[in-house]
Amino acid sequence: MGPTASGKTALAIELVKQYDCEIISVDSALIYKDMDIGTAKPDAAEQAAAPHRLIDIIDPAQSYSAADFRRDALAQIEDILSRGKTPLLVGGTMMYFKALLEGLSPLPGADEAIREQIAAEAEAQGWQALHDQLREIDPVSAERIHPNDPQRLARALEVYRVSGQTLTELTKTKSDVFPYDVVQFAIAPSDRKVLHRAIETRFKAMLAQGFTSEVERLKARTDLNLDLPSMRCVGYRQCWQYLDGEIDYDTMVEKAIVATRQLAKRQLTWLRGWPDLIWLESGAENNLATVMRHSR
């Protein structure tokens with residue numbers, strides 16, 4: 001585990017070279033096809049050296065939940081173990097890790113008709129009105145979900161309309177816990193400035209690699225928009241806004257870097273409260289040896 005730009009992929013590839021393991025990606029951005037540059041997806045050479053499972057598995061127009069990830073990850077883990085190898089889970093989507101290790105509440109699946117109904121209400125009344133609705137039926141969830149978080153707000157309302165039970169009621173029950181023993185590592189630089197510099201350097205490298213053209217191709221499709229989870233990935237939203245003429249190029253670069261730093265901060269907040277973690281320093285020469293020592 002680790003924040004974005006902390007060196008997770010590089011360390012994982014080295015582990016695959018030294019240890020009989022296979023990588024399972026735990027990243028909510030890498031699941032999307034045709035989103036390669038802005039997600040820092042491992043390139044062809046890296047994937048040839050160390051294939052990553054659960055990368056490029058859905059179209060950007062599709063939805064993919066933490067429950068979907070848990071189901072798919074468990075299947076991949078079972079397959080890897082059946083061949084006598086060790087699964088190596090690598091990524092920074094903490095909600096996926098949490099869902100995998102702790103199980104999930106038995107929430108209803110997505111209902112497109114209900115989602116369209118909620119979206120239409122939001123268009124007509126505004127998200128604040130829908131947040132007021134949620135406060136009436138589920139004040140606990142309303143306290144946790146900001147009116148400016150349409151994805152979580154819509155999901156809370158959808159759950160209630162589909163099941164007749166609130167999100168708070170349903171989340172009191174968890175599904176099966178993780179059936180395997182794990183050794184958990186987190187990698188990050190101890191100096192936040194180092195991480196900030198890495199984030200800035202990487203985003204500027206993405207731009208040099210053609211990130212703007214990548215977003216242009218996605219934007220040219222008629223089925224993608226900024227309300228989709230795929231297009232809310234850091235960098236993509238800001239570049240889309242630049243291509244729409246809402247912001248200039250320099251502002252786009254600044255906003256994307258700031259958004260990525262904020263993502264890293266949230267990831268680190270999760271990790272600081274995570275139990276039983278073995279911490280690694282980004283770029284340290286002994287990281288590989290430390291992982292090998294604790295994994296025996």
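Note that Cβ sites are derived from N, Cα and C of the backbone, with glycine treated the same way.
The Cβ neighbour count for Lys8 (ATP binding site), using a 10 Å radius over every protein chain in view, is 25. Lys8 (ATP binding site) falls within a helical segment according to DSSP. Taken from Swiss-Prot, the feature ATP binding site covers Gly2, Pro3, Thr4, Ala5, Ser6, Gly7, Lys8, Thr9, and the record attributes it to sequence analysis.
The substrate binding site annotation in Swiss-Prot covers Thr4, Ala5, Ser6, Gly7, Lys8, Thr9.
According to Swiss-Prot, the region 'Interaction with substrate tRNA' annotation covers 27-30 (among others), on the basis of sequence analysis. For the region 'Interaction with substrate tRNA' (27-30), same-chain residues at least 6 beyond its ends with a Cβ under 8 Å from one of its own Cβ atoms are 38-39, 41, 52, 54-56, 64, 69, 91-93, 95-96, 229-230, 233.
Taken from Swiss-Prot, the feature region 'Interaction with substrate tRNA' covers 151-155 (among others). For the region 'Interaction with substrate tRNA' (151-155), the model's pLDDT averages out at 93.
Residues or ranges marked as region 'Interaction with substrate tRNA' by Swiss-Prot on the basis of sequence analysis: 232-237 (among others). Tertiary proximity for the region 'Interaction with substrate tRNA' (232-237) is limited to same-chain residues at least six positions away from its ends with a CB under 8 Å from its CB atoms, namely 4, 28-29, 32, 35, 38-39, 151, 203, 206, 211, 215, 218, 226, 256, 259-260, 263.
Summarising the annotation, Swiss-Prot assigns site 'Interaction with substrate tRNA' to Thr93 (among others) and lists sequence analysis as the type of evidence. When secondary structure is read from DSSP and collapsed to three states, Thr93 (site 'Interaction with substrate tRNA') falls in the coil class. Neighbours of Thr93 (site 'Interaction with substrate tRNA'), defined as other CB atoms within 10 A of its CB across all chains, total 20.
Annotation source Swiss-Prot lists site 'Interaction with substrate tRNA' at Arg115 (among others), citing sequence analysis. A 10 Å cutoff on Cβ-Cβ distances gives Arg115 (site 'Interaction with substrate tRNA') a total of 17 other Cβ atoms nearby, all chains included. In the three-state DSSP assignment, the secondary structure recorded for Arg115 (site 'Interaction with substrate tRNA') is helix.
Residues of the same chain lying 6 or more positions beyond the ends of the region 'Interaction with substrate tRNA' (151-155) and with a Cβ under 8 Å from any Cβ of it are 115, 118-119, 122, 127, 130-131, 134, 145, 167, 229, 232. Applying an 8 A CB threshold to same-chain residues 6+ apart, the list for Gly7 (ATP binding site) reads Ile187, Ser282, Gly283. Residue counts for the region 'Interaction with substrate tRNA' (27-30) under DSSP, split into helix (H, G, I), strand (E, B) and coil, are 0 helix, 0 strand, 4 coil. The substrate site is defined by Thr4, Ala5, Ser6, Gly7, Lys8, Thr9, and by the 8 Å test on Cβ atoms against their centroid, the other residues of the chain that qualify are Gly2, Pro3, Ala10, Ala40, Gly92, Ile187, Ala198, Ser282. Taking the mean position of the Cβ atoms of Gly2, Pro3, Thr4, Ala5, Ser6, Gly7, Lys8, Thr9 as the ATP site, the remaining same-chain residues with a Cβ inside 8 Å of that point are Gly92, Ile187, Ala188, Ser282.
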